[in-house]
Amino acid sequence: MRVDVVTIFPAFFDVLEVSLLGKARGAGLLDVRVHDLRDYATDRHRSVDDTPYGGGAGMVMKPEPWGAALDAIIADAATAPTFIFPSPAGELFSQRTARELSDAEHLVFGCGRYEGIDERVFAYAATLGDVRLMSLGDYVLNGGEVASMAMIEAIGRLIPGVVGNPESLVEESHENGLLEYPSYTKPASWRGQDVPDVLLSGHHRRVAEWRREQQMTRTRTRRPDLLPPSS
Ligand code: JB8
């Protein structure tokens with residue numbers, strides 16, 4: 001998978017070199033290219049923002065540097081990419097979205113700052129590929145960088161071969177619509193707390209039943225919104 005990122009803070013993405021996704025990049029499974037939006041500004045001060053038409057607080061990202069950056073990215077692209085713009089006004093990003101996007105050939109993340117990007121940039125991007133405005137949740141960040149990083153990690157780890165043991169992807173939270181069951185390791189007793197007996201019993205069926213029960217109870221308590229209205 002090829003991933004391009006457009007940002008005025010390219011250094012944010014240095015951490016993609018480390019850990020799991022760094023390995024995926026080394027193995028050639030993931031090709032991440034980070035672009036500084038200011039390299040596509042045309043004035044002496046490399047401006048990327050200006051005052052909003054209609055008035056109001058803050059600054060808006062100018063369309064011209066964005067147009068030039070997107071053009072440069074698709075110039076050597078093999079297929080029409082999917083553009084993802086993090087936005088508090090976007091659709092919710094979920095494990096389903098991550099799964100959907102994990103078989104894409106090419107994703108382009110556009111990281112806004114200030115009060116956001118001139119709306120015409122989204123319409124222009126839609127002439128080059130699919131466009132999705134995506135929100136991580138109902139809260140507001142200072143810009144799209146942290147949200148892009150979260151989405152790149154959520155999507156990237158679903159690419160076959162990136163996570164060493166694919167079975168660990170099956171049992172985690174949100175893969176079956178429920179929260180994951182609690183996990184324990186040695187020692188069996190720690191500071192007065194014992195590991196539940198059933199997990200030491202060796203009865204595989206009873207362990208599976210207990211875990212399913214825990215998933216249901218936890219989901220009902222912490223995330224009832226994940227369950228069908230009937231239950
Ligand atoms: C300016 O919370 B967010 C987010 C916030 C932003 C911009 C983009 C995304 C641009 N503030 O997902």
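Each residue, glycine too, has its Cβ placed from N, Cα and C.
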Original post:
If TrEMBL gives Leu136, Gly137, Asp138, Tyr139, Val140, Leu141 as binding S-adenosyl-L-methionine, which of Gly110, Gly112, Gly164 does it give for that site as well?
Top reply: Gly112
Original post:
Of Leu136, Val140, Leu141, which of the binding-site residues has the most Cβ neighbours inside 10 Å?
Top reply: Leu136
Subject >> Residues in the region 'Disordered' (210-231) grouped by DSSP into helix, strand and remaining coil >> reply: 16 helix, 0 strand, 6 coil
Original post:
So which binding-site residues out of Gly137, Asp138, Leu141 are up against ligand 1, CB under 6 A?
Top reply: Leu141
Subject >> Diameter of the S-adenosyl-L-methionine binding set by C-alpha atoms, the set being Gly112, Leu136, Gly137, Asp138, Tyr139, Val140, Leu141, in angstrom >> reply: 17
